[in-house]
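Student: Please see the structure below; I have some questions.
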């Protein structure tokens, strides 16, 4: 191998092109000036470098390009995704697994191209684009890009335009390094005459890589909170773990005998003898509605939730655990309507787009069997989270999306809560005197992000002392929601017919981490399970315009709210709801993070459950699997309303 510098017109043209690209990157990403200078110097040296390799040694540059390129690509992707502190947290063993994964991609591309340099450019480009996608997705919602997001691309794109995207200094440095890597790979470019021999070596090595990853996957959990996936497992390894978890297995102890034993315990549903008029049931799942004071106390110039907090009479009220933070609204919607829990599903998954069946069990079918007209409203695009397919599968009779609203009351870029509430009132006024009405509504007004200023929105609320603009905008949105809520309750307080209104947040908002540090004193990466669960708490109430005892619920979870709703409305509970009622007496709250243990008076992970708590969780897991994944043997005792609905059709 000989090295020498070669100055010719072709090389100077390539140096010029690379220099222009590096200047653009420097202007967009604002890295340190020295980095720009080093990139220019490195480009000059590599492009003018002439490397001569004898044929008998060409496997050496090929190995350098493939193995060295894979190592460089892995570190480049990690550097794009993580900040300086988190970049150093990944263990050597996890870094090795990620290099093996990236190398397997290189080898697959090599099977196609048979040219190491071209392989490096293609594989590195694809994986680096993927890393940038993950980085920007995280900026949007504080959750990383997962396997399940491939099915949610349309929804993600529909709201991505509302966020500001810019090249960060880390990304600029990686792009500088990418130009140097491509230049070096091209200088080391070799090809092999025996494509068959090369293919065999690449295929066998790729297979060895796959086996290595599988062996290192045992007992490793997928991480989805903040950036834990990338710094604990490495992004690509964490992504592969998500694929692994997308395949749902029957839980331990699952059998027809286990289902029959539970059927005997809970039996057939009770017969309702009440002749009272069924109330109109209105559910408002409010986008990103939360009480940030659960994270830590802070003062504001105005109280943003004055009316909400004043609702005590004729209400069941308190806090519920959601299973999501900052995004993936439909999982909260699904937990509420079905009584099922994300605790038993892979982290990062979206039920609406992965697991929902055409004959999905939910309170919608139960209410239809009780004579209700079931209406769904969401003032955004019908394709969001595939709701245009999900709602009919759940059994809704009517559906209203963005095109069904006048779109005259816009807060920032979304339809206001007040306009949705006007639609609710209008549909109520249209109902027949004898019609029983159930309305499941999902707001859009408070959707993230919160960093952009709007001419049509004035921020009235701000945190006293040090704060962040996105937090102030969010708090101001809560004030707008509070005013609209007062109008909704005010109207239904004056009607003569019985009305039940259920109100809860789907998840907490994703705000600047600096804001969380101000009120909690900790970053999102430094939390124990007790502190983490605070980020999943959302407020709720169940209000009626008729007398009911006030009840304060210190903590429950969204999967139990439908049982509360049905019981308050006087609807006969199915055995499944009866089971859920018994379950929450032993375990009052459960979500994707863990559950509240009465034994230790604190939170535990599901894997830490023991004794009676473990037995109840196992029963719940078995019943949920039966309802979702074993349609052939689905229990007609626990889930009879599916059969009844089909008979009606």
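Glycine residues also receive a Cβ, built from the backbone N, Cα and C atoms like all the rest.
Feature list, courtesy of TrEMBL:
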DOMAIN    279-570  domain 'Sulfatase N-terminal'
TRANSMEM  12-28  transmembrane segment
TRANSMEM  34-53  transmembrane segment
TRANSMEM  60-82  transmembrane segment
TRANSMEM  94-113  transmembrane segment
TRANSMEM  120-138  transmembrane segment
TRANSMEM  167-186  transmembrane segment
TRANSMEM  198-218  transmembrane segment
Student: Counting Cβ pairs under 8 Å to the transmembrane segment (120-138), which of 12-28, 60-82, 94-113, 198-218 comes out on top?
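Tutor: Comparing 12-28, 60-82, 94-113, 198-218 against the transmembrane segment (120-138), the winner is 60-82.
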Student: Can you tell me which parts of the same chain pack against the transmembrane segment (198-218), counting only residues 6+ beyond its ends and a CB-CB cutoff under 8 A?
Tutor: 93, 97, 100-101, 103-104, 107-108, 110-111, 114, 192, 237, 240-241, 244
Student: For the transmembrane segment (94-113), what are the same-chain contacts with Cβ under 8 Å, counting residues 6+ beyond its ends?
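Tutor: For the transmembrane segment (94-113), the sequence-distant neighbours (Cβ-Cβ under 8 Å, at least 6 residues beyond its ends) are 66-67, 69-71, 73-74, 77-78, 119-120, 122-123, 126-127, 198-199, 202-203, 205-206, 209-210, 212-213, 216, 232-237, 240.
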Student: When the pLDDT values for the domain 'Sulfatase N-terminal' (279-570) are averaged, what is the result?
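Tutor: Over the domain 'Sulfatase N-terminal' (279-570), the predicted model scores a mean pLDDT of 94.
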